[in-house]
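Single-structure report; data block below.
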Amino acid sequence: MSASAGGSHQPSQSRAIPTRTVAISDAAQLPQDYCTTPGGTLFSTTPGGTRIIYDRKFLLDRRNSPMAQTPPCHLPNIPGVTSPGALIEDSKVEVNNLNNLNNHDRKHAVGDEAQFEMDI
């Protein structure tokens, strides 16, 4: 049977999560861990459950700041990703090698030779 002795069951009162909007004046005030909503709003949650919603205008202004334009330190050297100059040099060498191979193939092409033999 039921643990309640015939008493009526009342639903608990729901409460909204307390929120506050903070206008940030310095990028150092942003926490390391933050969340996003499906709409793209950034927010973080305090240990007490309060959501801190970050102002979109401030974040968009910070997009063009010198710190946002500076790559992180200690990145690995990945040609074409972290070092664009290396990719350009490598692609020039590769194009020259392909041109040399194509010229070499044209000089030695005698006829239509089969690539392999196959017994049928």
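Easy rule for this one: first residue shown is 1, then count along the chain.
Including glycine, each Cβ sits where the backbone N, Cα and C put it.
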Per Swiss-Prot, the range holding motif 'TOS motif', considering 1-5, 26-30, 116-120: 116-120
Separation of alpha carbons, Thr37 (phosphothreonine) and Thr46 (phosphothreonine) (Å): 16
For Thr46 (phosphothreonine), the number of other Cβ atoms found within 10 Å of its own Cβ: 11
